[in-house]
Structures are given as C-alpha cells and as structure tokens.
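What TrEMBL lists as NADPH binding site is Asn55. The domain 'Pyrroline-5-carboxylate reductase catalytic N-terminal' feature in TrEMBL is assigned to 4-97. Residues or ranges marked as domain 'Pyrroline-5-carboxylate reductase dimerisation' in TrEMBL: 160-264.
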Amino acid sequence: MSSIGFLGAGKVVETIVRGLLLAEALPAFQMQASAPTERNLKILQELGVQGTNNNKEIIANHQTVFVSVKPNMVSTVLKEISPVVTPNHMLVSLAAGISVGFIESKLPVGTRVIRAMPNTPCGIGQGATMYTSGSAVKPEDKALIEKYFNSLGYCMEGDETMIDAVMAVSGSGPAYAYIAIDALADGGVKMGLPRDIAIKLAAQTLLGSAKLVLQGRKHPSELKDDVCSPGGTTIDAIHELERGGFRKCLIEAVEAACLKAKKLNTMNAENK
C-alpha cells in the first residue's frame with residue numbers, strides 16, 4: 001500500500017492530510033510527519049498520523065516524501081536527508097519560491113523531484129493544485145501525485161515557469177477571497193443585516209458565482225454583465241468598485257505575491 005511521509009507538520013501538511021482523509025484516498029496510519037517538537041505534531045497525531053522528531057526516519061519509512069518546511073529551512077533539511085535518499089524515493093516540494101533545480105542540486109543525482117503548489121481548500125476536497133516535474137520523474141510518479149491531488153480537488157501539470165504565478169493566484173487566492181467575503185459582510189452589516197446572515201450570504205454568493213464560472217459556458221465578464229441591468233443597482237456598485245481600483249488591487253496583489261516567490265528563488269540560488 002502507498003504511504004506518504006511529511007517533512008514538516010504545519011498548516012499545509014494539515015490541509016493535505018485532512019483532504020486525503022476526507023476523500024478516503026489514504027488512511028491516517030499510512031502517513032507520518034516529522035517536526036522538531038511534539039507540540040508541532042499534536043494536531044496531526046490527533047488525526048491519526050504518526051509523528052517523529054527524526055527527518056531521516058521519514059526517509060527510511062516512506063518512498064513518497066513531501067517537503068513542507070519554510071523556504072529558508074529547505075536547504076538545511078535537504079542536506080540532512082541527502083545521505084539516506086535512494087533512487088526509490090520521490091520528493092514532492094511544497095515550498096514557495098524553491099525551484100526543482102535547486103532541490104535536485106541538494107540531492108543525489110537522479111532523484112525524482114516534483115514541485116507542487118496546492119491551496120487551503122484542498123482540506124475540504126475543493127482545492128487547486130499545479131505541479132511540475134524534474135527530469136528523473138517517471139509517468140507512474142505523475143500518476144500517483146495526480147491521484148492524491150485530484151482527490152483534493154483540481155490538479156494539473158504545468159511548466160515550472162508558471163508555478164510562481166500559480167502560487168500568487170490560487171495559492172494566495174483564498175486569502176483574497178476571505179477579504180472579499182469579510183468586506184461584503186461588513187457592507188451588509190452597515191446596511192442593517194445581522195453579521196451571521198451577512199457572512200453566509202457573502203460566502204454562498206462567491207461559491208455559487210465560482211461554480212458558474214467553472215461550468216465554462218460564459219466568460220466571467222459575461223456573467224458580470226448578466227447581473228448588471230441597465231440603470232440598475234449593480235452597475236452603480238460596479239462603478240464604485242472601478243473607481244476604488246478593485247481590479248487594480250487584485251492584479252497588483254497577484255503581482256506582489258509572484259515577485260516575492262521569484263525573489264525567494266533567487267535568494268536560495270545565490271546561497272546555493
């Protein structure tokens with residue numbers, strides 16, 4: 001039976017574990033995570049995941065290993081595990097701004113490396129993930145990774161040149177959506193709605209709108225036009241959004257996140 005080892009036990013790992021358990025894609029006893037302290041492992045252990053403070057134990061016990069430590073710790077962790085990595089291992093990096101080439105340079109020649117960018121909705125089976133593959137990755141490796149990530153939502157393979165932009169759109173995107181929901185709810189409260197009702201209405205509206213986009217029948221701009229009656233309330237609201245720079249803010253937010261990821265990659269390459 002397949003198993004997964006996680007180097008790291010933070011929010012991203014928790015999200016993936018919860019998603020895999022929800023989809024029944026992998027039982028908890030087939031997953032193990034490492035972290036410096038028991039406190040870091042507590043939530044995962046409550047979910048049934050095995051814990052350890054030894055990174056090399058993860059490598060010894062699992063052929064599929066997810067690297068999910070902070071970007072500034074990736075080099076240190078790879079240096080630690082490199083002596084025990086074998087051709088049987090596949091490493092999946094979830095670290096922002098760390099290229100496949102950088103990871104390969106820290107591991108034995110021929111190590112199979114995949115870089116993936118999931119997001120937090122993966123925890124409820126509604127995520128979006130793009131992955132890119134190193135030169136040694138086999139078709140069966142891709143099939144396994146797609147099996148896991150498709151169980152968490154939508155998964156696709158893409159060129160590594162897109163990964164930083166993917167991180168900025170779908171990786172960071174949930175945060176933008178939460179701000180939009182919170183702001184819509186604030187507007188509802190200002191106009192007299194109870195907070196709980198305003199939040200539910202805002203969240204359900206974004207959910208339903210997203211589903212309409214995913215049907216693929218109409219471009220988002222066409223769907224927007226469908227809501228805007230001539231001389232109606234919605235077009236006045238759109239006017240206010242445009243005047244406030246709503247589109248500009250979102251575009252520049254994506255750009256800022258993408259540039260930060262590229263900067264991290266450059267910094268790691270320079271410190272190689």
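Cβ atoms here come from the backbone N, Cα and C positions, even for glycine.
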Asn55 (NADPH binding site): secondary structure state under DSSP, collapsed to three categories: helix
The domain 'Pyrroline-5-carboxylate reductase dimerisation' (160-264) - residue tally per DSSP class, helix then strand then coil: 88 helix, 0 strand, 17 coil
Reported mean pLDDT - the domain 'Pyrroline-5-carboxylate reductase dimerisation' (160-264): 96
Cβ packing number for Asn55 (NADPH binding site), 10 Å threshold: 23
